[in-house]
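A.B. asks: Below you will find the structure I want to go over with you.
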Amino acid sequence: MTTPSLLILPGDGIGPEVMAEVRKIIDWMGAKRGLDFDVSEDLVGGAAYDKHGTPLHDDTMAKAQEVDAVLLGAVGGPKYDVLDFSVKPERGLLRLRKEMDLYANLRPAQCFDALSDFSSLKQEVVAGLDIMIIRELTSGVYFGEPRGIHKEGNERVGINTQRYTESEIARVARSAFEMARKRGNKVCSMEKANVMESGILWRDVVQEIHDAEYPDVELSHMYADAGAMQLTRWPKQFDVIVTDNLFGDLLSDLAAMLTGSLGMLPSASLGAPMANGRPKALYEPVHGSAPDIAGQGKANPIACILSFAMALRYSFDLGDEATRVERAVEQVLADGLRTADLMGPEGGVPVSTSGMGDAIVAALDASL
Ligand code: NAD
Ligand code: IPM
Ligand code: MN
């Protein structure tokens, strides 16, 4: 078997800091489990702009298309606010998603027992929570045409277009139903069919795919604003949520706070299968470059480490090893170790970014 290849794109701000901790887990897998990865590293976002004048060099894009999986840290930061829109760090990430056609963005929100009293919501609302948000990632208002800022008479007009084709909705709906069959067998689809034609089509197509191919899965529909309310009122009513690009962006940040911190939430962005049968894939934490804490050793590396665990599960068929990493994370949290973002009134053992990574490696050692 050829060694699986991984392209690591640490990016900006806390991206490189959390990725350094993921490297420890990758090294551990090689040393202790005989699982070697052919790892290469490159630039994305502001770091790529600083070197090449573009947030994603064509060579990096080409490499991303060839490897078995891409792991990304985070992009962006105030230093780049002044740049022209076309070369902003975020454009690099959006190009990766679009050109790799990563249409299904899996954003699980799981509340670890040790953190159930840490959420801003009541413990009984979040304890045991385990939901999966599937966000459409390559279309919708993020990419629709026409777009831009132009002059109409004396004033400027900003335009973005929400656009979905039937096939774009159908493929992400299938991802959601497939996922539900492996979990609680329930899908809730969220749109705003009450005000948007694209929402009407979304609802119709999700229902059609359900009726024709997945009648065994329980399907419900909700307006996305009501969905946001229900997610904070009683999130455990949900199993899989499927929604569009923009609503998915908002709802997954909201779901992050059910788990305690944005620093906890991983994601997988999956596309169609490649020739080797593996899906095109990019894994990244849901959080951004956190400029307010960058360079201080305060970042929580768990979201990025759990993103690597998702890579083990979805790209490399190593579900058992993924579970091993997830258990190790659970263990250090149960032991009371807390990066600053997880430090509540009840206290805990304060650890730095690298302290958290080292503790997870130690917990992995203990799992053998
Ligand atoms: P952010 O996620 O970077 O930060 C929001 C808040 O959460 C901050 O207070 C931050 O300190 C905290 N936080 C985030 N991750 C954390 C972690 N791992 N550990 C501890 N605390 C953490 O969002 P923002 O401030 O809105 O955006 C900052 C920059 O990041 C912007 O340029 C934005 O475009 C970019 N961004 C990038 C991605 C990505 O690369 N996927 C995602 C979101 C935002
Ligand atoms: C995310 C981020 C990105 C998005 C930005 C950085 C392009 O917020 O991954 O959630 O809006 O999709
Ligand atoms: Mn976001």
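Please read every residue number as a count from 1 along the shown chain.
Positions of Cβ are set from backbone N, Cα and C atoms, glycine also.
Note: TrEMBL annotation is automatic and uncurated.
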A.B. asks: Let me know which member of ARG135, ARG147, ARG203, ARG233 TrEMBL also records as binding substrate at the site of ARG97, ARG107, ASP225.
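C.D. replies: Answer, per TrEMBL (substrate site with ARG97, ARG107, ASP225), from ARG135, ARG147, ARG203, ARG233: ARG135.
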A.B. asks: Within a 10 Å radius of its Cβ, which of these binding-site residues (ALA290, ALA294) has the fewest neighbouring Cβ atoms?
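C.D. replies: Ranked by other Cβ atoms within 10 Å, the binding-site residues ALA290, ALA294 bottom out at ALA294.
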A.B. asks: Using Cα coordinates, what distance in whole Å links ASP249 (Mg(2+) binding site) and PHE85 (NAD(+) binding site)?
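C.D. replies: Checking the Cα atoms of ASP249 (Mg(2+) binding site) and PHE85 (NAD(+) binding site) gives a distance of 20 Å.
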A.B. asks: List only the single closest residue to ASP253 (Mg(2+) binding site), chosen from the recorded positions GLY77, ARG107, ARG135, LYS192, ASP225 by CA-CA distance.
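C.D. replies: Of the recorded positions GLY77, ARG107, ARG135, LYS192, ASP225, ARG107 has its Cα closest to that of ASP253 (Mg(2+) binding site).
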A.B. asks: If the criterion is a C-beta within less than 6 angstroms of any ligand 2 atom, which of the binding-site residues ASP225, ALA294, LYS298 pass it? List them in sequence order.
C.D. replies: none
A.B. asks: Just to be sure I understand the contacts, which binding-site residues have a Cβ under 6 angstroms from any atom of ligand 3? Candidates are ARG135, ASP249, ALA294.
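C.D. replies: Result: ASP249.
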